[in-house]
Every structure is written in C-alpha cells, then in structure tokens.
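Written below as structure tokens is the structure these notes are about.
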C-alpha cells in the first residue's frame, strides 16, 4: 500500500510543481525591468542604450538616466540620443572609479542600475594601419598596438578554395600566418579582443577591419578572381615567359597560314610572264607605249644599201615588143593595181606582171 502511495505522489508531483509560478532571478542591479546595453568605446566614452520605452515595456515615453564615478554626486545624462523622437540612449564621459548607472521612469521609480568599472564594458576600436607582407610561404601581419594592455589580436584568413575563416591570435599586433600557398589569393581581416581575465566576460571584441586580399606572386591587392590549384613545389611560371611562348606560337601559326595561302594562290592563279623579258626597252624608254616601241624597233633593223636603179631593172629581151606608153604606166601608190606578184628589193617594191613591172 505504501509503495502504491509513493508511486502516485511521484506521478503527481511534477504536475503540481509545474503549476506553481516562479520568478526569474535578476542578473543585474536593483529594479531591472528592461534590456539595457552598456559599451565603453576604446576607454574614451561610455554609451548606454535601452529599448523604446512604453512601446515595448509599457513604461512612459522618456526615461531619465543618472550616473556617477566613485563617491561623486549623481549627475543627469549630458547627452541623450533619440530614436523615433523617443529617448533611446545616453553618451557618458570617462572618469575614475566605479561607474554607477541608474535609469528611472520619468525621474521616479528605479528601473535599472549597474555599478562596475567602465572598462568592464570595453569594446576597443578596430586595428588601424594594418600591413600585410609575404615572407616565403607565410604572411606577416603588423599594426600599431592600442594604448592599454589586456588585448589579444586575432587574424583570420581564407582563400577561394576554403571559404571558412581560419584564425591566428597573439597578444601583440605582430604575428605571422604560416602554411600558405603564394600562388593563391587570400583574404585577411584583423580585430582586437579584450581578454576575459583582464576585463571580465562583458567586454566585447572590436569590429573587424576591412577584408584585404593578397597574393604572393603578384602585386599587393592584385587578386582579381579564383586561382587554379598548384602542385606543391611547382613554381609559378613568370608572366613574361608565358607571354613570350604565346607570341611565338601565334607567329608560327600565322607563318603556316601564309604559306598555305601562297600555295593555294599559285594553284588557282598561274603566273603571268613579265613583258620586260620579251620586249626590252618597252617600259624603260617608251613607258609602255607598244606602238612607239614597234616603230623604234623597225627603225633599228639594218637596211640593205640601194644599188643603181638601172641594175635593178629587168628589161625583156623579146623583139618586136614595143614599150608601153606613159599613160599605160600605173603611178606609184595608186590603189588600183593590176595582177601580178609583189616583190621587194632593198628599199623598193615592185609589182611584177606578165608583161612588165611597176615601181611602187
């Protein structure tokens, strides 16, 4: 019977405990009823921000803030900033001693309070003047250190083949990242992180610097796209050598193309003989005037010297044949010539007939 009773109690106890309302313990100061963020920017100023007031927490539109360092008299916020015409935060100056921050509803009930060193909410400025340089297969990263201690500098890098960031950290902004391939393009970024043992868990790291791209075989910032993977130990060919090989290959291709075109042209269009070999002086003396060249060539032919005309006359020896009258003789150059053979002797031409001859 007792065992049954304990079994029933064990079954009902979780339900009874779940029905009892519980209060969430507060993690902050007295009267916390809204979310407040405090940031100490590079130990130069303190920024306190909170929600939009009544729109989220059912409170009055504007809250008031008081602060003091050490045992000073509480002071009102020197500079509020607004969000949608409602107070949303306050910027405080730096001071010595513990910082106490109090938020009130219209100057009455306390809604939030904190009391710590301002450095407990430290957020350093991002590193500046960061320099990256290749040394073999490592990249040296350096930048000026902050004016206060307790920071750790973190460098992250990645390449086009591994998009996940890889981290390297050191207590000073002078560190090296090893195991890199100079033929690849890498992205780098740097930030400063407060150490927990020095500032506490509420300190926040700085923002990342802008991403800088770097490649070992090219000028700084020359990364224009993904690079092809290389076999380890194989040096990257210089750009000049690659360009020279490309030019030589292109020249060889052009020469082969020209030679092939010349052979095709010779097969389709046979060569035309040069008239200078067959007609000497045609172009040198007569400028291509063929008629003038013919006249000059005929004038240069040696002529046979003329003999006595009486020797060239052949007189018929037949008796009883009378000489033709003058009016029967055909004048030289007459277009109406009789029949007979044309004969040239020396520079004279004769038309031979059956009964005589005629001088032309």
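Numbers run from 1 along the shown chain.
Glycine residues also receive a Cβ, built from the backbone N, Cα and C atoms like all the rest.
Quick look at what Swiss-Prot lists:
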DISULFID  77-90  disulfide bond
DISULFID  185-223  disulfide bond
DOMAIN    123-214  domain 'Fibronectin type-III'
CARBOHYD  62  N-linked glycosylation site
CARBOHYD  129  N-linked glycosylation site
CARBOHYD  174  N-linked glycosylation site
MOTIF     205-209  motif 'WSXWS motif'
MOTIF     268-276  motif 'Box 1 motif'
SIGNAL    1-18  signal peptide
TOPO_DOM  27-238  topological domain 'Extracellular'
TRANSMEM  239-259  transmembrane segment
*Nearest-integer angstrom distance between the alpha carbons (Cα) of residue 62 (N-linked glycosylation site) and residue 77 (disulfide bond)*: 13
*asked:* Quick check: of the recorded positions listed here (77, 90, 129, 174), which one has the Cα closest to that of residue 223 (disulfide bond)?
replied: 129
*Taking Cα atoms as reference points, which of the recorded positions 90, 174, 185 is nearest to residue 129 (N-linked glycosylation site)?*
174
_Rank aside, I only need the closest one: which of the recorded positions 77, 90, 174 has its C-alpha nearest to that of residue 185 (disulfide bond)?_
174
*Looking only at Cβ atoms, how many others are within 10 Å of the one on residue 129 (N-linked glycosylation site)?*
8
*residue 90 (disulfide bond) has how many other Cβ neighbours within 10 Å of its own Cβ?*
23
_Collapsed DSSP category at residue 129 (N-linked glycosylation site)_ = coil
*What number of additional C-beta atoms lies within 10 angstroms of the C-beta atom of residue 174 (N-linked glycosylation site)?*
12
*By a simple count, how many Cβ atoms lie within 10 Å of the Cβ of residue 77 (disulfide bond), its own Cβ left out?*
19
*Inter-residue Cα distance where the pair is residue 174 (N-linked glycosylation site) and residue 90 (disulfide bond), in Å*: 36
*How far is it from residue 174 (N-linked glycosylation site) to residue 77 (disulfide bond), counting Cα to Cα, in Å?*
40
